[in-house]
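Heads up: the structure comes next, in structure tokens.
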Amino acid sequence: MSDSTASSINKGLAAADPAIAALIEKEQQRQETHLELIASENFASRAVMDAQGSVLTNKYAEGLPSKRYYGGCEHVDAIEELAIERAKELFGAAWANVQPHSGAQANFAVFLALLQPGDTIMGLDLSHGGHLTHGSPVNVSGKWFNVVQYGVDRETQRLDMEAIRQLALEHKPKLIVCGFSAYPRTIDFAAFRAIADEVGAFLLADMAHIAGLVAAGVHPSPVPHCDVVTTTTHKTLRGPRGGLILCRDADFAKKFDKAVFPGSQGGPLEHVIAAKAVAFGEALQPAFKTYSQHVVANAAALAERLIARGIDVVSGGTDNHVVLLDLRSVGMTGKVADLLVSDVHITANKNTVPFDPESPFVTSGLRLGTAALTTRGFDAGAFREVADVIADRLLNPEDDAVQQQCLRRVEALCQRFPLYAAARQPALA
């Protein structure tokens with residue numbers, strides 16, 4: 001190795017690439033000084049980030065543990081096996097594949113394993129809280145398959161299981177997807193199982209948003225009821241950004257393994273798999289159950305206070321971490337609301353609501369989630385303060401004095417509940 005090469009690989013980020021180091025520093029400052037209410041985001045532990053930023057980044061490992069196409073895999077084999085065993089223990093599954101790079105990749109692998117192009121699938125309409133990968137026409141799931149979308153009841157804004165059953169009886173899907181990206185109520189997986197059995201369909205649960213709540217036992221588990229379960233490993237699970245597939249029947253295992261590799265991916269990201277293993281280990285600890293209980297209680301407190309302030313919440317409340325505001329109650333679009341809360345350092349996202357008259361680029365809703373701020377230590381009282389800041393900003397959009405007051409209150413909350421307070425990120429040294 002030349003002196004110049006040795007020197008270059010031993011430089012820290014700040015010395016090697018000050019432009020990227022500075023931008024990472026700015027992002028850390030943003031996370032520390034803003035209230036993160038995007039429902040799909042959370043704050044991973046330092047241990048998770050240390051694993052992901054390790055020398056495992058260097059290792060290629062196509063295949064499965066003990067069945068690799070490359071040498072030198074003895075240590076990544078042990079890491080991946082540990083991740084698999086922890087995932088199985090955490091969710092009570094018979095089998096797990098920890099290699100999917102994302103939840104979308106996990107869903108695609110399931111489709112590849114169980115379906116043929118042109119088969120019929122059923123999934124929750126995106127505008128009613130579903131996900132792009134559940135049959136949206138802009139996603140491969142909507143291009144390859146005949147999609148029948150179910151929705152929520154117009155009055156209750158909850159899933160109508162009898163209406164879903166009638167759709168299934170009419171269309172005889174080969175696969176039914178139950179899962180969501182913006183549905184604030186408990187999913188009845190047993191009822192979906194009964195419908196799937198009645199029409200002879202496979203049942204896929206996408207629990208990406210509620211995986212941490214399921215792991216902690218504060219939301220019913222889909223694993224006993226579904227042929228296959230997919231999830232991301234971040235969101236409420238608080239791990240690295242990645243995917244996971246679980247199932248209860250070993251007969252399906254080989255199909256799903258092959259659908260991941262070589263069917264839809266090449267080499268796994270072993271540094272991310274190590275970070276997943278760390279996150280699964282954290283979720284197996286008693287403290288994670290307490291955390292998840294607080295996530296749900298905090299969401300209820302947030303929803304109740306916003307309703308009391310005159311802002312409608314879809315379905316009238318929440319059973320999980322998601323609070324979806326229907327801003328038609330205050331004559332505002334989601335796009336405008338997103339901008340208003342952003343300028344007081346609250347991060348959320350505009351979102352469609354059921355039967356939304358606005359386009360997906362405008363929307364009538366604002367989606368909030370409690371996982372990230374609960375990680376920072378926010379309790380129900382703090383979330384009521386957050387709700388008041390949001391309400392004050394949305395109900396007084398033209399008042400500069402209110403805007404400045406909201407900024408000061410957000411700053412005080414951030415100082416009261418610091419993020420990564422012990423030290424700056426070591427990667428920047």
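Cβ atoms are placed via backbone N, Cα and C, with glycine included.
What Swiss-Prot says about this protein:
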type    : residues                                 : note
BINDING : L126, G130, H131, L132, S359, P360, F361 : (6S)-5,6,7,8-tetrahydrofolate binding site
SITE    : H234                                     : site 'Plays an important role in substrate specificity'
MOD_RES : K235                                     : N6-(pyridoxal phosphate)lysine
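With the fewest other Cβ atoms inside 10 Å of its Cβ, the least crowded of the binding-site residues L126, L132 in this structure is L132. Within the set L126, G130, H131, L132, S359, P360, F361 that the record links to (6S)-5,6,7,8-tetrahydrofolate, no two Cα atoms are more than 16 Å apart, and one pair reaches that distance. Taking the C-alpha positions, the distance from P360 ((6S)-5,6,7,8-tetrahydrofolate binding site) to the residue listed as 'N6-(pyridoxal phosphate)lysine' comes to 22 Å. The CA atom of F361 ((6S)-5,6,7,8-tetrahydrofolate binding site) is located 23 Å away from the CA atom of K235 (N6-(pyridoxal phosphate)lysine). The binding-site residues listed here are G130, P360; among them, G130 has the most other Cβ atoms within 10 Å of its own Cβ. For the pair K235 (N6-(pyridoxal phosphate)lysine) and L132 ((6S)-5,6,7,8-tetrahydrofolate binding site), the C-alpha distance works out to 17 angstrom. Cα of L126 ((6S)-5,6,7,8-tetrahydrofolate binding site) to Cα of H234 (site 'Plays an important role in substrate specificity'): a span of 21 Å.
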